[in-house]
Structures are given as C-alpha cells and as structure tokens.
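What Swiss-Prot says about this one:
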{"type": "SIGNAL", "residues": "1-18", "note": "signal peptide"}
{"type": "CARBOHYD", "residues": "ASN144", "note": "N-linked glycosylation site"}
{"type": "DISULFID", "residues": "CYS164-CYS231", "note": "disulfide bond"}
{"type": "DISULFID", "residues": "CYS209-CYS260", "note": "disulfide bond"}
{"type": "DISULFID", "residues": "CYS219-CYS262", "note": "disulfide bond"}
Amino acid sequence: MTILFVTMVISYFSCMRAAPMREIPGVQGGHRAEGYLGAAAAAAAAITSGSRGHGTPQSGGGLPWLTDTFEQVIEELLEVEGEATQQLGPGADQGQGGGGPAAMADSKDVDMYASRVMISNQVPLEPPLLFLLEEYKNYLDAANMSMRVRRHSDPARRGELSVCDSISQWVTALDKKTAIDMSGQTVTVLEKVPVTNGQLKQYFYETKCNPLGYTKEGCRGIDKRHYNSQCRTTQSYVRALTMDSKRKIGWRFIRIDTSCVCTLTIKRGR
C-alpha cells in the first residue's frame, strides 16, 4: 500500500514538472532550495531503501517519519505562498486581474498547487495531492490498529454507505467555458495560462452528484414517509485565470462543483 501511494505521488509530480515554481529571493540555500519536490523525492527514496531491506517502510525510518515528511511538504507550500505575497507587496492586485496574464502567471505560480486547481501540460493522472495525503493518513491510522479493531473499523464490513453518490474528475476550461465569480458576474474561464516557456492548461478537480447513481431519486437511508430528500451538488471558490465581459484578463475566484450533499424537507400534513 505504501509503495502504491509513493507511486501515485511521483506520478502526480511528473504532471507538474513542466511548470516549476518561481524562485523567490531569500528562499534559496539549504533544504528550502530543494523545495517540496526534494522532500517528496527523499520520502520516496527512503521507502524504496526500506522495502529493499526488510520489506516494510519501518526499516527506512518508519511510517511516522514519512508522515512528518509530507507534513513538511505542506508547511513549505504555505511558507512559499506567504513569501510570494510579501514579494508582490500590499498594493498588488490579488484577485481581479491587472498587469497582463503573462506577468500574473509568474507571480501566481504558488497557486498552481491549490487543492482543486492545477496548471499542467497534460491531464493529471491522480487526484490532488492533499486528497492523497488525507487518504494516506487514514491508511496510517488503520496500520496502527490491531487486526481485530481494523476489521470492525472497515466501512465495508460495517455496511457503511454514502448518503449521496458522487463522482470526481478533472475538467478543463473547454468543459466549463464560463463560471460565476465572487461578485456574481459570469466570466469566461481561459483554457491556457501563459508561462515563461510557453502555455499550460488549467485543470479543475470537480466533485458532483452522480446522475447514474442509486441516489438520483433521493438520499439513501432517509425515511420517505416523513421527509422529502434530494442529493444536490454544492460549490466552492477556487482561483483561476478568467476574462470578464470587458475582456479584462486576470486571476479571479470562481465557483466550481466540490461536493454532493443531501437536502431534506419535512412532508406537510404528517
């Protein structure tokens, strides 16, 4: 399982190698020069050496060490984003364009690694990194349980089912075309983002209710005698390169599908 997870992470980073993060003054030297790619590579090397030794990740430093490594990855991302904001200055335009897309692309490189947005030259092969880290954390929690507790905590063994069936997939600007920004205006989602060495595509990881699922007629497990239920797709804001009605190009927060929830109403007259 651990080897599979590392393979997924390496595959994920390979999708982003065409768009390296911009070097920020004062963030060079030491382990910061390597960045989170170096930390991930070190984790992969440790796991590989551990699996060759005794067949378990513990021989390469232990699963807790690996967890700390990926926590360091997230910390580095947050630190780099904060330093990038300082470099832009307090008067910099943070949300509604300005300065041209090419200039903004470099200053917003840190945003390429948001949880549900990626800028890449090919379709991402795996879910966003933060989703993989969450799944891996759940795996570590299960690994620390006894076999008996692990069996009883398995959702499949307990008969757990989702209230609403959902699907998640990467989509492009060609699929979205338009979106609603934070001011309620309809904007055009640009397919390509100018970068230093060319252009890359924007990808969005969307989650919505499955129209072919078993919950299209209502939520699972709800007493239909007393409640009306419906599975509905909800949205959240992410940052993307867009163009407004005045043909002004800039980075804006737009709404994309991010979850499928159950809504209930009480039946009247009961």
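Glycine too: its Cβ is placed from the backbone N, Cα and C atoms.
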Close in space, distant in sequence - CYS260 (disulfide bond), Cβ under 8 Å, 6 or more apart: CYS164, ASP165, SER166, THR207, LYS208, CYS209, ASN210, CYS231, ARG232, THR233, THR234
Residue, out of the disulfide-bonded residues CYS164, CYS209, whose Cβ gathers the largest set of other Cβ atoms within 10 Å: CYS164
Residues that sit under 8 angstroms from CYS219 (disulfide bond) by C-beta distance, when 6+ apart in the chain: VAL163, CYS164, SER229, GLN230, CYS231, CYS262, LEU264
Which listed residue (CYS231, CYS262) has most other Cβ within 10 Å, given these are disulfide-bonded residues: CYS231
DSSP three-state assignment (helix, strand or coil) for CYS260 (disulfide bond): strand
